[in-house]
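Report on the structure given below.
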């Protein structure tokens, strides 16, 4: 009975969508078929009889099978929409039908007649409809289409032509697609996340380049509010770099070459050195492509020759009135230098500099592992190992001193690394560096204070004990707060929110171990310590692995 029920439900779903009532798909234009759409070049064309219009004008839109298409020479289902070319989430205008037998109007985004779909699953080779431009039409409008040849064979949101209002220059939109499948074979690519597909993943940042005779073709794609960019650099430091930006300006994209002398705004080139420029805006993603000669005349100052090796930087951020703001995230930097005109490579990179990775790792080890083990050793093993000695000192004291000395050493090295990376003080890290200085000061005060501690039987020993306890506890608390703030700094941005959860688990794990030891101080110490260390090292390993992966 159950298989029959499932078959009936599945059949009902197919029949439901075969009648074209697909308002549920108005937003993302994706059929609810439960299969992945086809991403290869579609076998159909969508055309318009006009490229310019005025409010109230009527434009004939034609969807037809390409004469050179292979395989099936028909389609069954379709969905046609018109959207703002500058904001493809906004549906624009309304449609009128030419052939009501094979097409019907839909109400999308509460706008009657704002989309057209099929009426049945008959084979079709061509559909024509009329689009009516509204009075409040944007300057440019793009037609999008989803076409289904079968339940498992469909293309989603294929871009069609762009039409513009009279007097507005048609935007150089293009149907080019950043093809990730030829990376490493026909062209070099740098991607974030590694191996992502810009055709299907709107979160994919993508750069490709390949030599074409005496020039190089570049493709750049990524989600951004204002701009996407890449730079050629002779080192892994920002400054003295050859930069190329694709800057969104309302419903257009400007493609510019620039130069940055340091951590400053780019200086745009006055020379027109970019050829065959094209761009596209879709679902918050900026895509652009251009070609540049490998060798440029001497008057093109600050332009690098493309027959040399460079590090590649990729960055994105906001822009207002054509002026770019500081990038939203740390730039993605290629792991090693590559020759732009060299053999194709599938490159890898990182958004976190190596020095900052070591900074994070050292601080995590020091203040979530070694210091906690040292605290447990002094607090609970001192009264339970009163007579055990090693090298003339109590065992608990030797272990405590060793762990705390290691904590101070790791903190000192970790403290210096950001200054080496930044070349000074960071002005954009908020309160994190200030708290870091407090932790460093407290970490140094502890061993200095210990050098002047009075004898165990001295009358004022209790003063040292309380100061030692208070300073150590304050350092541990401030350090944990500082680490919580640090794991999401731009130079070391660990994945949220789960990295915060793992760090919180380390803190909770220490508190639980402390409570258990406080209640059961005898008999269970070695077992509790072993369990605590295993859990602590497990959580710490996860965070260290995450740091290495960013």
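Please read every residue number as a count from 1 along the shown chain.
Backbone N, Cα and C atoms are what each Cβ position is placed from, and that goes for glycine too.
Listed in TrEMBL:
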- 7-180: domain 'Reelin' (DOMAIN)
- 203-317: domain 'DOMON' (DOMAIN)
- 321-523: domain 'Cytochrome b561' (DOMAIN)
- 1-16: signal peptide (SIGNAL)
- 360-381: transmembrane segment (TRANSMEM)
- 402-421: transmembrane segment (TRANSMEM)
- 433-452: transmembrane segment (TRANSMEM)
- 464-486: transmembrane segment (TRANSMEM)
- 498-517: transmembrane segment (TRANSMEM)
- 524-547: transmembrane segment (TRANSMEM)
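Scored by C-beta pairs under 8 angstroms, the transmembrane segment (433-452) has its highest count with 464-486, from the stretches 360-381, 402-421, 464-486, 498-517, 524-547. For the domain 'Reelin' (7-180), the model's pLDDT averages out at 83. Within its own chain, the transmembrane segment (360-381) has Cβ neighbours under 8 Å at 395-397, 399-400, 403-404, 406-407, 410-411, 413-414, 417, 439, 472, 475-476, 479-480, 482-483, 486-487, 492, 503, 506-507, 510, 513-514, 517, 521, 525, 529, 532-533, 536-537, 539-540, 543-544, 547, counting only residues six or more beyond its boundaries. Long-range contacts of the transmembrane segment (402-421) within its own chain (CB-CB distance under 8 A, at least 6 residues past either end) are made by residues 353, 355-356, 358-363, 365-367, 370-371, 373-374, 377, 433, 436, 439-440, 443-444, 446-447, 491. Residues 352, 357, 360-361, 364-365, 368-369, 372-373, 376, 380-381, 384, 487, 492, 494-495, 499, 502-503, 505-506, 509-510, 513, 516-517 of the same chain lie 6+ residues outside the transmembrane segment (524-547) yet bring a C-beta within less than 8 angstroms of a C-beta in it.
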